[in-house]
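A.B. asks: This is the structure I have questions about; it appears just below.
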Amino acid sequence: MEKLFKEVKLEELENQKGSGLGKAQCAALWLQCASGGTIGCGGGAVACQNYRQFCR
């Protein structure tokens, strides 16, 4: 079981883009923004705002 877990160093976390959001989360926000809210849950405008705030 220990082999399944990877030790994450603080430097790795600091180098991640997105203020704590991962690439997959930012990609989901971008997709919601680009689709005008027709894909995924939530409105397009809120997704765009969150993407600009947390993923740029």
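Cβ atoms here come from the backbone N, Cα and C positions, even for glycine.
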A.B. asks: According to Swiss-Prot, which candidate among C48, C55 shares a disulfide with C26?
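C.D. replies: In Swiss-Prot, C26 forms its disulfide bond with C55.
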A.B. asks: Out of C26, C33, C48, C55, which of these disulfide-bonded residues is nearest C41 (S-linked glycosylation site) by C-alpha distance?
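C.D. replies: Comparing Cα positions, the closest of these disulfide-bonded residues turns out to be C33.
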A.B. asks: Express the distance between the Cα positions of C26 (disulfide bond) and C33 (disulfide bond) as a whole number of Å.
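C.D. replies: Per the Cα atoms, C26 (disulfide bond) and C33 (disulfide bond) stand 10 Å apart.
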A.B. asks: Would you pick out, from the recorded positions C26, C33, C41, C48, C55, the residue whose Cβ has the largest number of other Cβ atoms within 10 Å?
C.D. replies: C33
A.B. asks: What whole-number Å value do you get for the CA-CA distance of C55 (disulfide bond) and C48 (disulfide bond)?
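C.D. replies: Computed Cα spacing between C55 (disulfide bond) and C48 (disulfide bond) is 10 Å.
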